[in-house]
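Among the features that Swiss-Prot reports, active site, proton acceptor is placed at Asn387, Glu391, with the record citing sequence analysis. Summarising the annotation, Swiss-Prot assigns active site, cysteine radical intermediate to Cys389. The substrate binding site annotation in Swiss-Prot covers Thr171, Ser186, Cys187, Gly217, Asn387, Leu388, Cys389, Ala390, Glu391, Pro594, Thr595, Ser596, Gly597, Cys598, and the record cites sequence analysis as its basis. Feature annotation from Swiss-Prot assigns disulfide bond to Cys187-Cys403. Under the heading site 'Important for hydrogen atom transfer', Swiss-Prot lists Cys187, Cys403, citing sequence analysis as support. As annotated by Swiss-Prot, site 'Important for electron transfer' applies to Tyr725, Tyr726. Residues or ranges marked as site 'Interacts with thioredoxin/glutaredoxin' by Swiss-Prot on the basis of sequence analysis: Cys822, Cys825.
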Amino acid sequence: MATTNHVEHELLSKLIDELKVKANADPEADVLAGRLLHRLKAESVTHTVAEYLEVFSDKFYDEEFFQMHRDELETRVSAFAQSPAYERIVSSGYLSALRYYDTYLYVGRSGKQESVQHFYMRLAGFCASTTCLYAGLRAALQRARPEIESDMEVFDYYFEHLTSQTVCCSTPFMRFAGVENSTLASCILTTPDLSSEWDVTQALYRHLGRYLFQRAGVGVGVTGAGQDGKHISLLMRMINSHVEYHNYGCKRPVSVAAYMEPWHSQIFKFLETKLPENHERCPGIFTGLFVPELFFKLFRDTPWSDWYLFDPKDAGDLERLYGEEFEREYYRLVTAGKFCGRVSIKSLMFSIVNCAVKAGSPFILLKEACNAHFWRDLQGEAMNAANLCAEVLQPSRKSVATCNLANICLPRCLVNAPLAVRAQRADTQGDELLLALPRLSVTLPGEGAIGDGFSLARLRDATQCATFVVACSILQGSPTYDSRDMASMGLGVQGLADVFADLGWQYTDPPSRSLNKEIFEHMYFTALCTSSLIGLHTRKIFPGFKQSKYAGGWFHWHDWAGTDLSIPREIWSRLSERIVRDGLFNSQFIALMPTSGCAQVTGCSDAFYPFYANASTKVTNKEEALRPNRSFWRHVRLDDREALNLVGGRVSCLPEALRQRYLRFQTAFDYNQEDLIQMSRDRAPFVDQSQSHSLFLREEDAARASTLANLLVRSYELGLKTIMYYCRIEKAADLGVMECKASAALSVPREEQNERSPAEQMLPRPMEPAQVTGPVDIMSKGPGEGPGGWCVPGGLEVCYKYRQLFSEDDLLETDGFTERACESCQ
């Protein structure tokens with residue numbers, strides 16, 4: 001018997017290896033590889049609830065619920081294993097199956113893993129037992145869903161939403177929900193005191209290490225660093241070492257994003273920590289900038305004006321102010337001569353751009369937008385740090401801030417998407433405000449659509465369930481540190497590009513833009529409604545509510561000029577009256593995170609982004625797996641497959657007739673980035689935290705610094721909070737192609753193949769680190785005293801040799817300024 005099992009194991013492994021490498025060209029091979037991986041793992045997972053409890057009972061925080069309802073749970077799990085929902089899960093492809101077994105399924109005694117069925121049972125059981133434990137939470141759920149009465153009906157409510165994947169949870173929740181003494185918070189933010197060597201030691205070894213040990217992504221404010229005279233690069237390397245230690249051999253790698261304001265005297269050294277040519281770079285962490293509005297105004301209006309730099313110990317209250325108060329303090333310090341250096345603001349901007357193009361970061365956030373749109377006044381205690389993915393915004397000086405995340409799988413909200421009966425709201429039961437809203441979006445499907453429309457009712461049901469899931473996570477996920485009472489929630493989405501494509505639209509078509517706003521307005525409205533119900537019945541109102549803007553009838557969209565509402569203002573007014581009367585359980589609601597992990601499980605596109613590619617690869621903990629665009633292949637005609645495979649699924653490379661047929665599957669790099677920025681602005685009034693808004697540039701566009709700089713300015717002008725999460729560059733030469741397209745290569749004349757060398761397709765060659773000591777050092781000296789005796793810029797005449805400090809060709813542009821060497825450089 002053992003020999004038979006061994007032979008079967010070897011055969012399955014060989015078949016999987018042969019099929020998984022065809023995933024980007026053959027969707028059936030991808031599905032079959034995933035199903036075979038589930039079959040391969042069948043002997044190493046739990047099969048019955050009794051076996052599951054025997055293996056994992058010592059790990060549960062509430063074993064009683066599972067023991068009490070063992071037979072009923074067995075019935076539910078067995079029925080799920082025979083259902084269309086389970087069939088869809090195991091048919092989601094190889095990468096989906098790999099993510100389950102590699103990351104999410106809990107491992108017990110002797111290496112035994114929970115099965116996919118028991119994984120969802122654990123998540124739903126945690127939510128159900130927590131809901132039953134807190135009488136107020138259960139009362140709120142019964143007010144929202146009056147048909148729910150028994151404990152098992154509470155379980156069914158969560159189980160069917162989770163297994164139908166309308167609600168997708170964060171990685172910490174999927175890995176640890178129901179496990180005793182686990183941290184379920186997704187994000188941690190801290191702005192520690194870094195003014196002395198002792199403070200830095202405490203922050204790193206007493207606090208940061210603990211957060212990383214609990215597998216949380218961390219955002220750290222480091223603007224206060226450097227007051228002890230030490231270089232910021234030393235601090236960054238210490239943080240990087242922490243991250244690398246905790247990630248060694250770890251299933252779920254974690255990281256840190258360090259945030260600084262650009263007036264800091266060591267801003268250039270901070271940027272250099274991520275440059276690839278820096279031999280002391282910090283690859284394990286990310287950098288971010290909280291940029292004041294003044295910086296963008298000066299760059300746009302007077303780009304060669306000076307930007308002054310300050311030692312943080314002489315910077316007064318700059319770190320704690322924003323807006324006009326910041327500007328007054330900045331110019332007061334300049335007038336008082338408190339600055340320690342100055343630099344052309346354009347040179348600093350292009351240093352930021354240079355770093356973004358080469359390293360993908362720094363993340364860039366607009367300080368005024370982040371603080372001015374917060375639910376309370378932050379003047380004098382302004383936040384200047386975000387989380388790891390730049391979408392969670394909370395003050396984190398006085399105490400550590402946390403946030404619990406979940407997201408809605410938007411393709412499951414299409415009218416024709418199969419759902420369990422309990423996941424659909426009855427027309428006559430539930431929250432009267434939600435029942436007053438339309439069930440369907442008024443936008444009509446386009447030509448070639450396979451969807452019959454978008455169900456706003458399903459979206460609201462999913463959002464309501466996600467709000468209850470996060471409430472369970474907050475109430476029972478131990479510990480959530482000092483910020484548990486703030487009950488910060490971040491609901492995001494995945495699969496927005498899939499929805500647009502299935503409805504027959506390109507990502508930036510007018511119907512897409514209309515539905516884009518409608519989706520997030522309904523999510524924000526539903527989250528507020530549900531949070532108010534939970535607050536009323538649990539009698540847990542977040543601290544500071546009475547002093548918050550919400551207590552005065554405010555909504556986040558009030559601060560955004562020209563906001564068009566699809567929900568009638570009269571219904572918004574009724575919600576406002578309810579909130580003023582009953583309060584809110586949560587202090588924050590919508591945060592659009594990247595969702596890259598859970599989107600691999602569902603097989604949908606990431607977050608709210610356009611398709612990244614129709615054929616790509618994804619590096620997991622154990623291997624580099626192919627990731628096909630499943631929506632794309634659902635729409636591809638059989639007679640077009642060969643042509644599409646020859647170009648790796650790139651629509652822009654197809655002949656015109658074929659290109660027109662598949663235009664809605666253009667990638668993010670094919671779209672005008674200003675259109676994508678505008679769509680982020682359209683949904684911004686309903687995103688009370690922020691959105692991980694990335695920019696997608698082709699290599700030839702990224703070679704001109706003005707391209708990215710202009711996009712950053714445009715995002716500032718539109719008032720986005722996160723101006724840029726990540727800068728992604730599409731290489732002109734695709735080095736990621738894993739299958740040789742011999743026939744395609746033969747069809748191209750040899751002289752055309754050799755027309756451009758790989759070197760000609762690269763970005764400008766980076767300078768050697770030794771050549772650049774940083775503009776701060778230059779500006780501290782007089783003319784002709786920079787590195788190598790070169791000059792410093794002044795007035796409108798800019799020495800081209802100075803520009804060569806940053807680039808050897810067009811990375812910095814003259815924009816019409818005189819290009820000649822000055823006397824000290826000739």
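Cβ from N, Cα, C; glycine included.
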Longest CA-CA distance among Thr171, Ser186, Cys187, Gly217, Asn387, Leu388, Cys389, Ala390, Glu391, Pro594, Thr595, Ser596, Gly597, Cys598, per record bound to substrate, angstrom: 18
Residues near Tyr726 (site 'Important for electron transfer') in space but at least six apart in sequence (CB under 8 A): Gly360, Ser361, Phe363, Ser692, Ser694, Leu695
Cα proximity to Asn387 (active site, proton acceptor), best match among recorded positions Thr171, Thr595, Gly597, Tyr725: Tyr725
Pairwise CA distance, Cys389 (active site, cysteine radical intermediate) versus Thr171 (substrate binding site), rounded so that it is a whole Å: 14
Cα proximity to Thr171 (substrate binding site), best match among recorded positions Glu391, Cys403, Tyr725: Cys403
Sparsest Cβ surroundings (other CB atoms within 10 Å) among the recorded positions Thr171, Asn387, Thr595: Thr171
Whole-number Å value for how far Glu391 (active site, proton acceptor) lies from Cys187 (substrate binding site) (Cα to Cα): 10
Nearest recorded site to Tyr725 (site 'Important for electron transfer') by CA-CA distance, among recorded positions Glu391, Cys403, Thr595: Glu391
For Glu391 (active site, proton acceptor), the number of other Cβ atoms found within 10 Å of its own Cβ: 29
Between Cys403 (disulfide bond) and Glu391 (active site, proton acceptor), the C-alpha gap once rounded to whole angstrom: 10
Separation of alpha carbons, Glu391 (active site, proton acceptor) and Thr595 (substrate binding site) (Å): 12
All-chain count of other Cβ atoms within 10 Å of Cys403 (disulfide bond): 28
Lowest local Cβ density (other Cβ within 10 Å) among recorded positions: Cys187, Cys389: Cys187
Cα separation, Glu391 (active site, proton acceptor) to Gly597 (substrate binding site) (Å, whole number): 16
Cβ neighbour count (within 10 Å, all chains shown) around Tyr725 (site 'Important for electron transfer'): 28
For Glu391 (active site, proton acceptor): DSSP state (helix, strand, coil): coil
